[in-house]
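Asks: I am attaching a structure below and will ask some questions about it afterwards.
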Amino acid sequence: MSGPMPDKAACGRQGVHSTEKRLAAYRGRISKRRDLMPKTLDGQITMEKTPSYFVTREAPKRIFSMAKETKLIVVVRDPVTRAISDYTQTLSKKPEIPTFEVLAFKNRTLGLIDASWSAIRIGIYALHLENWLQFFPLSQIHFVSGERLIIDPAGEMGKVQDFLGLKRIVTDKHFYFNKTKGFPCLKKPEDSSMPRCLGKSKGRTHPKIDPDVIHRLRKFYRPFNVMFHQITGEDFDWEKDENQEIS
Ligand SMILES: Nc1ncnc2c1ncn2[C@@H]1O[C@H](COP(=O)(O)OS(=O)(=O)O)[C@@H](OP(=O)(O)O)[C@H]1O
């Protein structure tokens, strides 16, 4: 950079000023976007789905300042399987990326996991949750088990409906299991006469990962899983298969 350096005070003022400007612009965008939304009528619930919010540092504060009574639903699955699923999705778009085994380590000889790799970082649920608990009480956050959502979709959906204070309308009779896909499908959604199953890009086959790497990852996640279990009071049963993915 060339030219005279601005003095510190000016730099500071400029920083505050531009932060305020950015915040004002952000609030403006949010309120404009909100004006475009249809009104929520009596008896309706407005829902928004952005998976990345759970791991976005600023999200809890922003959502809290917009509507502190918001109910939050987070779908979690075994973090090791989640990391492999995440990698599989990236691999499908960029086949040239290094192997999972290479990306997972900072130093493989020392067994040092690369926790800055997003596929791994996202699965440290306890840390992300602590960020949300600075603003929202645990009673406003509901966790859906990704594993149980596959084997017992009606049971998991029952708990979601209870959490939202809704009558249990979605039940067992709304689902059937698609053996080819390995996932449940909705028998007949309201807006169609056809069943609705997961799209083509879901349920991709995961690459086979070196069992030693899975073992190392299990060890890495264990304390965070324990912490997550202690905070939520829920057991997600992720500790069964030492060297294997939980599907
Ligand atoms: N309804 C339901 N029940 C259980 N599991 C589900 C469901 N919907 C998505 N999935 C699985 O979640 C993984 C990521 O899915 P998505 O592609 O929708 O996620 S995202 O769009 O990237 O956020 C992906 O996991 P894998 O297929 O194992 O890699 C999806 O299959």
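Cβ atoms here come from the backbone N, Cα and C positions, even for glycine.
In TrEMBL, annotation is done automatically, which means it is predicted and not curated.
What you see is a predicted model, and the numbers here were worked out from it, not measured in a lab.
Annotations per TrEMBL:
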- Arg77, Ser85, Lys202, Gly203, Arg204, Thr205, His206: 3'-phosphoadenylyl sulfate binding site (BINDING)
- Cys185-Cys197: disulfide bond (DISULFID)
- 66-222: domain 'Sulfotransferase' (DOMAIN)
Asks: How far is it from His206 (3'-phosphoadenylyl sulfate binding site) to Cys197 (disulfide bond), counting Cα to Cα, in Å?
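Replies: Distance between the two Cα atoms comes out at 19 Å.
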Asks: Among the recorded positions Ser85, Cys197, Lys202, Gly203, Arg204, Thr205, which have a Cβ atom lying under 6 Å from any atom of ligand 1?
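Replies: The ones that qualify, in sequence order, are Ser85, Lys202, Gly203, Arg204.
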Asks: Among the binding-site residues Arg77, Arg204, His206, whose Cβ has the fewest other Cβ atoms within 10 Å?
Replies: Arg204
Asks: Using a Cβ cut-off under 8 Å and a sequence separation of 6 or more, which residues in the same chain sit near Cys185 (disulfide bond)?
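Replies: Those within reach of Cys185 (disulfide bond), by Cβ under 8 Å and sequence separation of 6 or more, are Phe175, Tyr176, Phe177, Asn178, Pro195, Arg196, Cys197, Leu198.
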Asks: For the 3'-phosphoadenylyl sulfate binding residues given in the record (Arg77, Ser85, Lys202, Gly203, Arg204, Thr205, His206), what is the largest pairwise C-alpha separation in angstrom?
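Replies: If we measure all Cα pairs in Arg77, Ser85, Lys202, Gly203, Arg204, Thr205, His206, the largest is 16 Å.
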Asks: Quick check on the binding-site residues: of Ser85, Thr205, whose CB has the lowest count of neighbouring CB atoms inside 10 Å?
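Replies: Result for the binding-site residues Ser85, Thr205: minimum number of other Cβ atoms within 10 Å at Thr205.
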Asks: Using Cβ-Cβ distances, find the residues under 8 Å from Gly203 (3'-phosphoadenylyl sulfate binding site) that belong to the same chain and are at least 6 apart in sequence, listing them in sequence order.
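Replies: Residues satisfying the criterion: Lys181, Gly182, Phe183.
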